[in-house]
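Okay, structure first, notes after.
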(Lines of atoms letter the chains of each structure in order from A and count residues from 1; the text may use other names and numbers.)
(Lines give C-alpha, C1' and ligand atoms only; values in the text may rest on other atoms or scores of the structure.)
Protein backbone atom coordinates (compact mmCIF):
# COMPACT_ATOMS: atom_id res chain seq x y z
CA UNK A 1 0.00 0.00 0.00
CA UNK A 2 1.33 3.47 -0.78
CA UNK A 3 1.99 5.64 2.27
CA UNK A 4 0.31 8.98 2.64
CA UNK A 5 2.59 11.59 1.11
CA UNK A 6 1.83 13.73 4.15
CA UNK A 7 3.54 11.15 6.37
CA UNK A 8 6.79 12.88 5.39
CA UNK A 9 5.84 15.87 7.55
CA UNK A 10 3.49 14.32 10.11
CA UNK A 11 5.25 11.18 11.36
CA UNK A 12 8.45 10.57 13.34
CA UNK A 13 10.31 12.33 16.13
CA UNK A 14 12.29 14.52 13.72
CA UNK A 15 9.07 16.03 12.39
CA UNK A 16 8.17 17.59 15.76
CA UNK A 17 8.77 21.06 14.31
CA UNK A 18 6.57 20.41 11.29
CA UNK A 19 3.83 18.97 13.50
CA UNK A 20 4.07 22.02 15.76
CA UNK A 21 3.35 24.17 12.72
CA UNK A 22 0.54 21.88 11.57
CA UNK A 23 -0.97 22.19 15.07
CA UNK A 24 -0.84 25.96 14.70
CA UNK A 25 -3.17 25.56 11.70
CA UNK A 26 -5.68 23.71 13.87
CA UNK A 27 -4.66 20.07 13.47
CA UNK A 28 -5.02 17.65 16.42
CA UNK A 29 -3.31 14.36 17.28
CA UNK A 30 -5.90 12.30 15.44
CA UNK A 31 -5.48 14.37 12.27
CA UNK A 32 -1.92 13.19 11.71
CA UNK A 33 -3.22 9.80 10.61
CA UNK A 34 -5.67 11.22 8.06
CA UNK A 35 -5.07 12.25 4.43
CA UNK A 36 -4.24 15.92 4.02
CA UNK A 37 -6.24 17.16 1.05
CA UNK A 38 -5.29 20.40 -0.65
CA UNK A 39 -8.07 22.64 -1.92
CA UNK A 40 -6.70 24.73 -4.78
CA UNK A 41 -9.14 27.63 -4.94
CA UNK A 42 -8.97 30.50 -7.41
CA UNK A 43 -11.15 33.16 -5.79
CA UNK A 44 -10.52 36.72 -6.93
CA UNK A 45 -12.59 39.87 -7.11
CA UNK A 46 -11.09 40.67 -10.52
CA UNK A 47 -12.96 37.96 -12.43
CA UNK A 48 -16.75 37.41 -12.60
CA UNK A 49 -16.16 33.69 -13.03
CA UNK A 50 -14.33 33.62 -9.70
CA UNK A 51 -15.89 36.41 -7.65
CA UNK A 52 -18.30 33.97 -5.98
CA UNK A 53 -15.71 31.34 -5.00
CA UNK A 54 -14.53 32.93 -1.74
CA UNK A 55 -16.49 30.70 0.64
CA UNK A 56 -16.76 27.63 -1.56
CA UNK A 57 -13.35 26.28 -0.61
CA UNK A 58 -14.45 26.08 3.00
CA UNK A 59 -17.73 24.48 1.93
CA UNK A 60 -15.66 21.69 0.39
CA UNK A 61 -13.30 21.65 3.38
CA UNK A 62 -16.11 20.98 5.84
CA UNK A 63 -17.34 18.09 3.72
CA UNK A 64 -13.83 16.64 3.49
CA UNK A 65 -13.46 16.74 7.25
CA UNK A 66 -16.87 15.15 7.81
CA UNK A 67 -15.75 12.32 5.53
CA UNK A 68 -12.52 11.73 7.45
CA UNK A 69 -9.90 13.90 5.78
CA UNK A 70 -7.97 17.04 6.70
CA UNK A 71 -8.59 19.97 4.35
CA UNK A 72 -6.09 22.76 3.68
CA UNK A 73 -7.04 25.53 1.27
CA UNK A 74 -4.78 27.78 -0.76
CA UNK A 75 -5.36 30.15 -3.67
CA UNK A 76 -3.98 30.61 -7.17
CA UNK A 77 -4.01 33.64 -9.41
CA UNK A 78 -6.69 34.09 -12.06
CA UNK A 79 -6.56 36.47 -15.04
CA UNK A 80 -9.75 37.71 -16.69
CA UNK A 81 -9.07 37.49 -20.42
CA UNK A 82 -11.92 39.85 -21.26
CA UNK A 83 -10.60 42.61 -19.01
CA UNK A 84 -6.99 41.95 -20.05
CA UNK A 85 -7.93 42.02 -23.73
CA UNK A 86 -7.15 44.80 -26.17
CA UNK A 87 -4.01 46.02 -24.38
CA UNK A 88 -0.71 44.64 -23.09
CA UNK A 89 -2.49 42.87 -20.26
CA UNK A 90 -3.28 40.06 -22.71
CA UNK A 91 0.44 39.26 -22.89
CA UNK A 92 0.08 37.77 -19.41
CA UNK A 93 -2.94 35.55 -20.00
CA UNK A 94 -1.44 32.39 -21.48
CA UNK A 95 1.76 32.60 -19.38
CA UNK A 96 -0.50 32.65 -16.30
CA UNK A 97 -1.46 29.06 -17.17
CA UNK A 98 2.10 27.92 -16.47
CA UNK A 99 2.24 30.02 -13.29
CA UNK A 100 -0.98 28.42 -12.03
CA UNK A 101 0.30 24.92 -12.80
CA UNK A 102 3.55 25.69 -11.00
CA UNK A 103 1.75 27.26 -8.04
CA UNK A 104 -0.35 24.14 -7.50
CA UNK A 105 2.75 21.94 -7.78
CA UNK A 106 4.68 24.19 -5.38
CA UNK A 107 2.00 24.18 -2.70
CA UNK A 108 1.11 20.49 -2.99
CA UNK A 109 4.68 19.21 -3.08
CA UNK A 110 6.05 21.66 -0.51
CA UNK A 111 3.44 20.52 2.00
CA UNK A 112 3.27 16.86 0.89
CA UNK A 113 -0.49 16.92 0.31
CA UNK A 114 -2.14 13.58 -0.45
CA UNK A 115 -4.84 14.75 -2.88
CA UNK A 116 -6.31 17.87 -4.48
CA UNK A 117 -9.70 19.43 -5.06
CA UNK A 118 -9.33 21.95 -7.89
CA UNK A 119 -11.83 24.81 -7.73
CA UNK A 120 -11.40 26.48 -11.09
CA UNK A 121 -13.54 28.23 -13.66
CA UNK A 122 -12.13 30.61 -16.22
CA UNK A 123 -9.88 30.42 -19.23
CA UNK A 124 -6.38 29.59 -17.97
CA UNK A 125 -7.25 28.39 -14.49
CA UNK A 126 -8.83 25.06 -15.40
CA UNK A 127 -6.03 24.22 -17.89
CA UNK A 128 -3.33 25.26 -15.42
CA UNK A 129 -4.80 23.13 -12.66
CA UNK A 130 -5.30 20.25 -15.10
CA UNK A 131 -1.63 20.41 -16.07
CA UNK A 132 -0.66 20.35 -12.39
CA UNK A 133 -2.97 17.44 -11.61
CA UNK A 134 -1.46 15.30 -14.37
CA UNK A 135 2.04 16.40 -13.42
CA UNK A 136 1.54 15.40 -9.76
CA UNK A 137 -0.58 12.27 -10.39
CA UNK A 138 -2.26 12.09 -6.99
CA UNK A 139 -6.03 11.76 -6.42
CA UNK A 140 -7.84 14.82 -7.77
CA UNK A 141 -11.32 16.08 -8.57
CA UNK A 142 -12.32 19.24 -10.42
CA UNK A 143 -15.29 21.40 -9.53
CA UNK A 144 -15.74 24.69 -11.33
CA UNK A 145 -17.60 27.86 -10.44
CA UNK A 146 -20.08 27.34 -13.27
CA UNK A 147 -21.32 29.40 -16.23
CA UNK A 148 -22.92 32.82 -16.09
CA UNK A 149 -26.55 33.29 -17.05
CA UNK A 150 -27.09 34.77 -20.52
CA UNK A 151 -28.01 38.44 -20.58
CA UNK A 152 -31.46 39.74 -21.47
CA UNK A 153 -32.58 43.02 -23.00
CA UNK A 154 -35.64 44.24 -24.88
CA UNK A 155 -33.29 45.51 -27.59
CA UNK A 156 -32.29 41.99 -28.67
CA UNK A 157 -34.39 38.97 -29.58
CA UNK A 158 -31.78 36.54 -28.23
CA UNK A 159 -29.71 36.07 -25.10
CA UNK A 160 -26.69 38.33 -24.80
CA UNK A 161 -23.08 37.65 -23.90
CA UNK A 162 -19.77 39.49 -23.76
CA UNK A 163 -19.18 39.28 -27.52
CA UNK A 164 -22.47 41.06 -28.25
CA UNK A 165 -21.31 43.99 -26.13
CA UNK A 166 -17.99 44.15 -27.98
CA UNK A 167 -19.54 43.94 -31.44
CA UNK A 168 -22.20 46.58 -30.79
CA UNK A 169 -19.58 48.95 -29.35
CA UNK A 170 -17.64 48.83 -32.62
CA UNK A 171 -20.76 49.35 -34.75
CA UNK A 172 -20.74 53.02 -35.76
CA UNK A 173 -24.46 52.86 -36.55
CA UNK A 174 -25.42 51.88 -32.98
CA UNK A 175 -26.48 54.65 -30.62
CA UNK A 176 -24.65 55.31 -27.36
CA UNK A 177 -27.84 54.33 -25.55
CA UNK A 178 -27.96 50.94 -27.25
CA UNK A 179 -24.28 50.30 -26.53
CA UNK A 180 -24.84 51.18 -22.87
CA UNK A 181 -27.87 48.87 -22.67
CA UNK A 182 -25.88 45.96 -24.11
CA UNK A 183 -22.99 46.70 -21.76
CA UNK A 184 -25.26 46.61 -18.71
CA UNK A 185 -27.09 43.48 -19.85
CA UNK A 186 -24.44 41.21 -21.39
CA UNK A 187 -22.91 39.83 -18.18
CA UNK A 188 -25.68 39.80 -15.57
CA UNK A 189 -24.35 37.33 -12.99
CA UNK A 190 -21.27 35.71 -11.55
CA UNK A 191 -19.88 32.78 -13.51
CA UNK A 192 -17.83 32.14 -16.63
CA UNK A 193 -19.12 33.94 -19.74
CA UNK A 194 -22.34 32.32 -20.90
CA UNK A 195 -21.42 30.90 -24.32
CA UNK A 196 -19.25 27.97 -25.38
CA UNK A 197 -16.18 30.08 -24.83
CA UNK A 198 -12.85 28.76 -23.51
CA UNK A 199 -13.78 28.59 -19.83
CA UNK A 200 -17.00 26.66 -20.32
CA UNK A 201 -15.41 24.48 -23.01
CA UNK A 202 -12.63 23.43 -20.63
CA UNK A 203 -15.00 22.78 -17.75
CA UNK A 204 -17.06 20.56 -20.04
CA UNK A 205 -13.92 18.70 -21.11
CA UNK A 206 -13.08 17.83 -17.50
CA UNK A 207 -16.30 15.80 -17.50
CA UNK A 208 -15.22 13.93 -20.64
CA UNK A 209 -11.75 13.34 -19.20
CA UNK A 210 -13.42 11.71 -16.20
CA UNK A 211 -12.01 14.15 -13.64
CA UNK A 212 -15.20 16.06 -12.75
CA UNK A 213 -18.76 15.30 -11.73
CA UNK A 214 -21.69 15.34 -14.21
CA UNK A 215 -23.00 18.88 -14.57
CA UNK A 216 -19.65 20.50 -13.83
CA UNK A 217 -19.53 22.27 -17.18
CA UNK A 218 -23.18 23.27 -17.55
CA UNK A 219 -24.85 23.88 -14.16
CA UNK A 220 -25.25 27.64 -13.72
CA UNK A 221 -23.09 29.39 -11.13
CA UNK A 222 -26.18 30.98 -9.62
CA UNK A 223 -28.23 27.79 -9.26
CA UNK A 224 -28.64 26.04 -5.92
CA UNK A 225 -28.01 22.67 -7.58
CA UNK A 226 -24.38 23.65 -8.04
CA UNK A 227 -23.82 23.55 -4.27
CA UNK A 228 -24.31 19.78 -4.38
CA UNK A 229 -21.42 19.47 -6.83
CA UNK A 230 -19.09 21.07 -4.28
CA UNK A 231 -20.37 18.92 -1.42
CA UNK A 232 -20.09 15.75 -3.47
CA UNK A 233 -16.58 16.71 -4.57
CA UNK A 234 -15.53 16.92 -0.92
CA UNK A 235 -16.86 13.45 -0.14
CA UNK A 236 -15.57 11.94 -3.37
CA UNK A 237 -11.97 13.05 -2.90
CA UNK A 238 -11.82 11.32 0.49
CA UNK A 239 -13.19 8.15 -1.11
CA UNK A 240 -10.55 8.37 -3.84
CA UNK A 241 -7.87 8.69 -1.15
CA UNK A 242 -9.18 5.59 0.60
CA UNK A 243 -9.13 3.63 -2.63
CA UNK A 244 -5.60 4.66 -3.55
CA UNK A 245 -3.82 4.81 -0.19
CA UNK A 246 -5.94 2.16 1.56
CA UNK A 247 -6.57 -0.31 -1.26
CA UNK A 248 -3.67 0.41 -3.64
CA UNK A 249 -6.20 1.13 -6.39
CA UNK A 250 -4.20 3.07 -8.97
CA UNK A 251 -7.23 3.35 -11.26
CA UNK A 252 -8.28 6.45 -9.31
CA UNK A 253 -5.13 8.39 -10.21
CA UNK A 254 -5.47 11.14 -12.83
CA UNK A 255 -3.05 9.51 -15.28
CA UNK A 256 -5.05 6.28 -15.07
CA UNK A 257 -8.31 8.13 -15.70
CA UNK A 258 -7.11 10.77 -18.19
CA UNK A 259 -5.22 8.39 -20.46
CA UNK A 260 -4.92 8.47 -24.27
CA UNK A 261 -8.46 7.18 -24.80
CA UNK A 262 -9.83 9.76 -22.38
CA UNK A 263 -8.06 12.53 -24.28
CA UNK A 264 -9.67 11.20 -27.44
CA UNK A 265 -13.04 11.32 -25.67
CA UNK A 266 -12.43 14.90 -24.58
CA UNK A 267 -11.39 15.95 -28.06
CA UNK A 268 -14.39 14.23 -29.65
CA UNK A 269 -16.65 16.11 -27.24
CA UNK A 270 -14.85 19.34 -28.09
CA UNK A 271 -15.35 18.77 -31.82
CA UNK A 272 -18.99 17.72 -31.34
CA UNK A 273 -19.87 20.82 -29.34
CA UNK A 274 -17.80 23.33 -31.35
CA UNK A 275 -15.64 24.33 -28.42
CA UNK A 276 -13.04 27.07 -28.32
CA UNK A 277 -9.85 26.57 -30.34
CA UNK A 278 -7.98 27.35 -27.11
CA UNK A 279 -9.02 23.93 -25.86
CA UNK A 280 -6.71 22.35 -28.44
CA UNK A 281 -3.81 24.30 -27.00
CA UNK A 282 -4.71 23.29 -23.45
CA UNK A 283 -5.40 19.62 -24.14
CA UNK A 284 -2.03 19.32 -25.89
CA UNK A 285 -0.35 20.93 -22.89
CA UNK A 286 -2.16 18.71 -20.38
CA UNK A 287 -1.35 15.59 -22.37
CA UNK A 288 2.34 16.42 -22.23
CA UNK A 289 2.18 16.87 -18.47
CA UNK A 290 0.53 13.46 -18.17
CA UNK A 291 3.05 11.88 -20.57
CA UNK A 292 0.20 11.01 -22.93
CA UNK A 293 1.26 10.73 -26.58
CA UNK A 294 -1.65 12.81 -27.86
CA UNK A 295 -0.82 15.42 -30.49
CA UNK A 296 -2.21 17.64 -33.24
CA UNK A 297 -2.30 14.76 -35.73
CA UNK A 298 -4.68 12.89 -33.43
CA UNK A 299 -6.92 15.95 -33.30
CA UNK A 300 -6.83 16.20 -37.09
CA UNK A 301 -7.79 12.52 -37.38
CA UNK A 302 -10.71 12.87 -34.95
CA UNK A 303 -11.97 16.08 -36.56
CA UNK A 304 -12.65 14.19 -39.78
CA UNK A 305 -15.07 11.67 -38.27
CA UNK A 306 -16.94 13.46 -35.48
CA UNK A 307 -20.13 15.35 -36.42
CA UNK A 308 -21.21 18.58 -34.78
CA UNK A 309 -23.96 17.67 -32.33
CA UNK A 310 -24.28 20.90 -30.37
CA UNK A 311 -24.15 24.55 -31.36
CA UNK A 312 -23.93 27.33 -28.80
CA UNK A 313 -23.03 31.04 -28.77
CA UNK A 314 -20.89 32.45 -30.28
CA UNK A 315 -21.54 29.97 -33.09
CA UNK A 316 -25.31 30.50 -32.92
CA UNK A 317 -27.27 33.24 -31.17
CA UNK A 318 -30.18 31.38 -29.62
CA UNK A 319 -28.35 28.89 -27.37
CA UNK A 320 -26.12 29.45 -24.34
CA UNK A 321 -24.77 27.15 -21.61
CA UNK A 322 -28.07 27.24 -19.73
CA UNK A 323 -29.65 25.68 -22.84
CA UNK A 324 -26.98 22.97 -23.02
CA UNK A 325 -27.83 22.04 -19.44
CA UNK A 326 -31.55 21.95 -20.19
CA UNK A 327 -30.80 19.57 -23.07
CA UNK A 328 -29.04 17.16 -20.72
CA UNK A 329 -25.59 18.66 -20.43
CA UNK A 330 -22.34 17.04 -21.42
CA UNK A 331 -23.43 13.49 -20.69
CA UNK A 332 -26.15 13.77 -23.31
CA UNK A 333 -23.53 14.72 -25.91
CA UNK A 334 -21.29 11.90 -24.69
CA UNK A 335 -24.28 9.56 -24.93
CA UNK A 336 -24.83 10.56 -28.56
CA UNK A 337 -21.15 9.96 -29.31
CA UNK A 338 -21.35 6.56 -27.63
CA UNK A 339 -24.41 5.54 -29.64
CA UNK A 340 -22.53 6.63 -32.75
CA UNK A 341 -19.80 4.14 -31.91
CA UNK A 342 -17.12 6.77 -31.35
CA UNK A 343 -16.74 7.13 -27.58
CA UNK A 344 -14.48 4.95 -25.44
CA UNK A 345 -16.93 3.87 -22.74
CA UNK A 346 -14.75 1.41 -20.80
CA UNK A 347 -12.79 4.12 -18.98
CA UNK A 348 -13.09 4.92 -15.25
CA UNK A 349 -14.08 8.33 -13.91
CA UNK A 350 -13.80 9.89 -10.46
CA UNK A 351 -17.49 9.17 -9.89
CA UNK A 352 -18.21 5.93 -11.79
CA UNK A 353 -16.45 2.67 -12.52
CA UNK A 354 -16.85 3.33 -16.25
CA UNK A 355 -18.01 6.00 -18.66
CA UNK A 356 -20.64 3.54 -19.90
CA UNK A 357 -22.09 3.31 -16.39
CA UNK A 358 -22.05 7.10 -16.04
CA UNK A 359 -23.82 7.67 -19.36
CA UNK A 360 -26.52 5.15 -18.46
CA UNK A 361 -27.15 7.08 -15.25
CA UNK A 362 -26.83 10.68 -16.48
CA UNK A 363 -27.92 10.83 -20.14
CA UNK A 364 -31.51 12.11 -20.03
CA UNK A 365 -32.39 10.15 -23.17
CA UNK A 366 -31.37 6.89 -21.49
CA UNK A 367 -32.59 7.25 -17.93
CA UNK A 368 -36.04 7.62 -16.39
CA UNK A 369 -34.53 8.76 -13.08
CA UNK A 370 -36.66 11.72 -12.06
CA UNK A 371 -33.86 13.16 -9.92
CA UNK A 372 -31.59 13.34 -12.97
CA UNK A 373 -34.33 14.95 -15.05
CA UNK A 374 -34.98 17.48 -12.28
CA UNK A 375 -31.27 18.27 -12.08
CA UNK A 376 -31.10 19.16 -15.76
CA UNK A 377 -34.17 21.39 -15.51
CA UNK A 378 -32.11 23.86 -13.46
CA UNK A 379 -32.36 27.18 -15.29
CA UNK A 380 -31.69 30.91 -15.09
CA UNK A 381 -33.57 33.31 -12.85
CA UNK A 382 -32.70 36.46 -14.79
CA UNK A 383 -31.71 38.31 -11.61
CA UNK A 384 -28.34 40.11 -11.60
CA UNK A 385 -26.19 38.74 -8.76
CA UNK A 386 -22.63 37.93 -7.72
CA UNK A 387 -23.76 35.25 -5.27
CA UNK A 388 -23.38 31.50 -5.83
CA UNK A 389 -26.39 29.16 -5.40
CA UNK A 390 -28.73 32.15 -5.04
CA UNK A 391 -31.70 30.87 -7.07
CA UNK A 392 -33.58 27.62 -7.70
CA UNK A 393 -35.45 28.31 -10.95
CA UNK A 394 -36.35 25.27 -13.06
CA UNK A 395 -37.59 24.86 -16.60
CA UNK A 396 -40.97 23.16 -16.82
CA UNK A 397 -39.66 20.77 -19.47
CA UNK A 398 -36.36 19.37 -20.70
CA UNK A 399 -35.07 19.93 -24.21
CA UNK A 400 -34.92 16.31 -25.37
CA UNK A 401 -35.53 17.19 -29.03
CA UNK A 402 -32.61 15.54 -30.78
CA UNK A 403 -33.84 16.60 -34.22
CA UNK A 404 -34.12 20.38 -33.80
CA UNK A 405 -32.98 21.06 -30.22
CA UNK A 406 -29.74 22.35 -28.75
CA UNK A 407 -28.14 18.87 -28.70
CA UNK A 408 -28.69 16.70 -31.79
CA UNK A 409 -28.45 13.02 -32.67
CA UNK A 410 -26.04 11.76 -35.33
CA UNK A 411 -28.90 11.59 -37.83
CA UNK A 412 -29.78 15.25 -37.29
CA UNK A 413 -26.31 16.70 -36.65
CA UNK A 414 -25.71 20.38 -37.36
CA UNK A 415 -23.03 19.15 -39.76
CA UNK A 416 -21.45 15.78 -40.45
CA UNK A 417 -18.02 17.26 -39.85
CA UNK A 418 -17.37 18.61 -36.39
CA UNK A 419 -16.83 22.10 -35.08
CA UNK A 420 -13.01 22.17 -35.05
CA UNK A 421 -10.46 21.42 -37.77
CA UNK A 422 -6.69 21.35 -38.23
CA UNK A 423 -5.27 22.77 -41.46
CA UNK A 424 -1.81 22.16 -42.91
CA UNK A 425 0.10 23.77 -45.76
CA UNK A 426 3.19 25.74 -46.73
CA UNK A 427 2.12 28.65 -44.54
CA UNK A 428 1.70 26.41 -41.46
CA UNK A 429 3.82 23.29 -41.88
CA UNK A 430 3.08 22.12 -38.33
CA UNK A 431 -0.59 23.04 -38.53
CA UNK A 432 -3.10 25.70 -37.55
CA UNK A 433 -6.64 25.46 -36.20
CA UNK A 434 -10.06 26.83 -37.05
CA UNK A 435 -13.40 26.63 -35.29
CA UNK A 436 -15.52 25.51 -38.23
CA UNK A 437 -18.62 25.71 -36.04
CA UNK A 438 -18.37 29.49 -36.37
CA UNK A 439 -17.59 29.61 -40.11
CA UNK A 440 -20.35 30.10 -42.67
CA UNK A 441 -20.33 27.22 -45.16
CA UNK A 442 -20.16 29.67 -48.05
CA UNK A 443 -16.56 30.51 -47.14
CA UNK A 444 -15.22 27.06 -46.26
CA UNK A 445 -13.10 27.53 -49.39
CA UNK A 446 -11.71 31.06 -49.53
CA UNK A 447 -8.99 32.62 -51.68
CA UNK A 448 -7.98 36.09 -50.63
CA UNK A 449 -5.32 38.77 -50.63
CA UNK A 450 -2.91 39.01 -47.71
CA UNK A 451 -3.08 42.17 -45.63
CA UNK A 452 -0.12 42.12 -43.22
CA UNK A 453 -0.11 43.44 -39.67
CA UNK A 454 2.87 42.96 -37.34
CA UNK A 455 0.76 43.12 -34.19
CA UNK A 456 -2.81 42.87 -32.96
CA UNK A 457 -2.76 46.59 -32.13
CA UNK A 458 -1.93 47.62 -35.70
CA UNK A 459 -4.58 45.21 -37.03
CA UNK A 460 -7.24 46.80 -34.84
CA UNK A 461 -6.25 50.27 -36.03
CA UNK A 462 -6.30 49.11 -39.65
CA UNK A 463 -9.71 47.47 -39.40
CA UNK A 464 -11.30 50.45 -37.65
CA UNK A 465 -9.74 52.78 -40.24
CA UNK A 466 -11.36 50.75 -43.04
CA UNK A 467 -8.01 49.62 -44.45
CA UNK A 468 -9.30 46.05 -44.66
CA UNK A 469 -11.59 45.31 -47.60
CA UNK A 470 -13.79 42.42 -48.67
CA UNK A 471 -11.64 39.61 -50.03
CA UNK A 472 -8.69 40.36 -47.75
CA UNK A 473 -7.04 37.80 -45.50
CA UNK A 474 -5.80 39.66 -42.45
CA UNK A 475 -2.42 38.26 -41.36
CA UNK A 476 -1.45 39.07 -37.77
CA UNK A 477 2.00 37.71 -36.97
CA UNK A 478 4.68 37.79 -34.30
CA UNK A 479 1.90 37.24 -31.78
CA UNK A 480 2.77 33.61 -30.98
CA UNK A 481 3.92 32.24 -27.60
CA UNK A 482 7.50 33.41 -28.19
CA UNK A 483 6.92 36.33 -30.54
CA UNK A 484 4.24 38.15 -28.58
CA UNK A 485 5.28 37.00 -26.15
CA UNK A 486 2.27 35.31 -24.63
CA UNK A 487 0.16 34.46 -27.69
CA UNK A 488 -2.55 37.09 -27.37
CA UNK A 489 -6.21 36.42 -28.14
CA UNK A 490 -7.57 38.18 -31.21
CA UNK A 491 -11.16 38.77 -30.16
CA UNK A 492 -11.09 42.50 -30.89
CA UNK A 493 -9.95 42.13 -34.54
CA UNK A 494 -12.54 39.43 -35.24
CA UNK A 495 -15.29 41.37 -33.48
CA UNK A 496 -14.43 44.54 -35.40
CA UNK A 497 -14.42 42.68 -38.72
CA UNK A 498 -17.91 41.51 -37.85
CA UNK A 499 -19.06 44.99 -36.86
CA UNK A 500 -17.73 46.33 -40.20
CA UNK A 501 -19.87 43.81 -42.07
CA UNK A 502 -16.82 41.77 -43.13
CA UNK A 503 -17.52 38.64 -41.06
CA UNK A 504 -18.25 36.57 -44.18
CA UNK A 505 -16.13 38.60 -46.60
CA UNK A 506 -12.71 38.32 -44.97
CA UNK A 507 -10.52 35.79 -43.21
CA UNK A 508 -7.95 36.19 -40.46
CA UNK A 509 -4.79 34.12 -39.98
CA UNK A 510 -2.46 34.48 -37.00
CA UNK A 511 0.21 32.72 -34.99
CA UNK A 512 -1.66 34.08 -32.01
CA UNK A 513 -4.88 32.59 -30.73
CA UNK A 514 -8.56 33.42 -30.44
CA UNK A 515 -11.01 33.90 -27.63
CA UNK A 516 -13.66 31.26 -27.30
CA UNK A 517 -15.97 34.12 -28.25
CA UNK A 518 -14.55 34.31 -31.75
CA UNK A 519 -16.49 33.22 -34.82
CA UNK A 520 -15.95 33.69 -38.55
CA UNK A 521 -13.11 32.42 -40.75
CA UNK A 522 -10.53 32.93 -38.00
CA UNK A 523 -7.51 30.65 -38.20
CA UNK A 524 -5.04 30.63 -35.34
CA UNK A 525 -2.08 28.81 -33.82
CA UNK A 526 -0.11 28.92 -37.11
CA UNK A 527 2.93 26.78 -36.41
CA UNK A 528 5.81 27.28 -36.45
CA UNK A 529 5.14 30.85 -35.34
CA UNK A 530 6.86 33.74 -37.09
CA UNK A 531 9.36 34.28 -34.26
CA UNK A 532 10.44 30.64 -34.64
CA UNK A 533 11.00 30.94 -38.39
CA UNK A 534 7.50 29.99 -39.48
CA UNK A 535 6.39 30.71 -43.04
CA UNK A 536 3.71 33.09 -41.79
CA UNK A 537 6.66 35.46 -41.36
CA UNK A 538 7.37 35.26 -45.10
CA UNK A 539 3.96 36.44 -46.33
CA UNK A 540 3.88 39.83 -48.04
CA UNK A 541 1.08 42.30 -48.70
CA UNK A 542 -0.80 41.32 -51.84
CA UNK A 543 0.13 37.63 -51.76
CA UNK A 544 -2.71 35.24 -52.51
CA UNK A 545 -3.64 32.69 -49.85
CA UNK A 546 -5.99 29.74 -50.38
CA UNK A 547 -7.93 28.33 -47.43
CA UNK A 548 -9.64 24.98 -48.07
CA UNK A 549 -11.37 23.64 -44.96
CA UNK A 550 -12.91 20.54 -46.63
CA UNK A 551 -9.42 19.45 -47.72
CA UNK A 552 -7.84 20.67 -44.46
CA UNK A 553 -5.30 22.84 -46.26
CA UNK A 554 -4.01 26.40 -46.19
CA UNK A 555 -1.40 27.55 -48.66
CA UNK A 556 0.44 30.67 -49.67
CA UNK A 557 0.17 30.78 -53.47
CA UNK A 558 3.83 31.58 -53.97
CA UNK A 559 6.41 29.28 -55.55
CA UNK A 560 8.79 27.25 -53.42
CA UNK A 561 11.69 29.08 -55.06
CA UNK A 562 10.27 32.47 -54.08
CA UNK A 563 9.67 31.31 -50.51
CA UNK A 564 13.24 30.01 -50.29
CA UNK A 565 14.58 33.40 -51.43
CA UNK A 566 12.39 35.19 -48.89
CA UNK A 567 13.63 32.87 -46.14
CA UNK A 568 17.27 33.67 -46.90
CA UNK A 569 16.43 37.37 -46.79
CA UNK A 570 14.49 37.02 -43.51
CA UNK A 571 17.27 34.99 -41.91
CA UNK A 572 19.59 37.95 -42.51
CA UNK A 573 17.11 40.43 -41.03
CA UNK A 574 16.18 38.23 -38.08
CA UNK A 575 12.73 36.88 -37.32
CA UNK A 576 11.33 40.01 -35.75
CA UNK A 577 8.43 42.35 -36.57
CA UNK A 578 9.14 44.75 -39.43
CA UNK A 579 7.85 47.64 -37.35
CA UNK A 580 8.71 48.77 -33.84
CA UNK A 581 5.94 47.86 -31.42
CA UNK A 582 5.31 50.08 -28.37
CA UNK A 583 5.14 47.07 -26.12
CA UNK A 584 6.73 46.69 -22.69
CA UNK A 585 8.07 43.15 -22.38
CA UNK A 586 8.98 42.62 -18.74
CA UNK A 587 11.47 40.17 -17.27
CA UNK A 588 8.61 37.82 -16.38
CA UNK A 589 7.40 37.77 -19.99
CA UNK A 590 10.93 37.36 -21.33
CA UNK A 591 11.40 34.33 -19.06
CA UNK A 592 8.21 32.82 -20.48
CA UNK A 593 9.26 33.53 -24.08
CA UNK A 594 12.69 31.98 -23.55
CA UNK A 595 11.23 28.50 -23.04
CA UNK A 596 7.97 28.76 -25.00
CA UNK A 597 7.21 26.32 -27.81
CA UNK A 598 4.85 26.97 -30.72
CA UNK A 599 1.14 26.25 -30.51
CA UNK A 600 1.30 22.79 -32.10
CA UNK A 601 3.12 21.69 -28.93
CA UNK A 602 0.57 23.37 -26.66
CA UNK A 603 2.79 26.43 -26.11
CA UNK A 604 4.36 24.61 -23.17
CA UNK A 605 7.95 24.98 -22.02
CA UNK A 606 10.65 23.44 -24.14
CA UNK A 607 11.81 20.81 -21.68
CA UNK A 608 14.79 19.93 -23.88
CA UNK A 609 16.28 23.29 -22.92
CA UNK A 610 16.11 22.27 -19.26
CA UNK A 611 17.74 18.87 -19.59
CA UNK A 612 20.93 18.53 -17.61
CA UNK A 613 20.03 21.27 -15.14
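Any Cβ shown, glycine's included, is placed from N, Cα and C.
Listed in Swiss-Prot:
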BINDING   81, 123, 124, 489  Mg(2+) binding site
BINDING   122, 193  [2Fe-2S] cluster binding site
MOD_RES   124  N6-carboxylysine
ACT_SITE  515  active site, proton acceptor
Could you tell me which three-state DSSP class residue 489 (Mg(2+) binding site) falls into? strand
How would DSSP class residue 515 (active site, proton acceptor) in three states? coil
Could you say whether, by DSSP, residue 123 (Mg(2+) binding site) belongs to a helix, a strand or a coil region? coil
Please report the DSSP secondary structure of residue 81 (Mg(2+) binding site), reduced to three states. helix
Between residue 122 ([2Fe-2S] cluster binding site) and residue 515 (active site, proton acceptor), the C-alpha gap once rounded to whole angstrom: 12
Rounded to the nearest Å - Cα separation of residue 124 (Mg(2+) binding site) and residue 515 (active site, proton acceptor): 12
Cβ neighbour count within 10 Å of residue 515 (active site, proton acceptor): 29
Residues flanking the Mg(2+) site, with Cβ no more than 8 Å from the Cβ centroid of 81, 123, 124, 489 and excluding those residues themselves: 79, 84, 93, 94, 122, 198, 199, 278, 515
Please identify, from the binding-site residues 122, 193, the residue with the sparsest Cβ neighbourhood, meaning fewest other Cβ atoms within 10 angstroms. 122
Reported as an integer number of Å, what is the Cα distance between residue 489 (Mg(2+) binding site) and residue 515 (active site, proton acceptor)? 5
Specify the count of other C-beta atoms within 10 Å of the C-beta of residue 124 (Mg(2+) binding site). 30
Neighbour count, 10 Å Cβ-Cβ cut-off, for residue 489 (Mg(2+) binding site): what number do you get? 31
Fewest-neighbour residue among binding-site residues, criterion Cβ within 10 Å, set 81, 123: 81
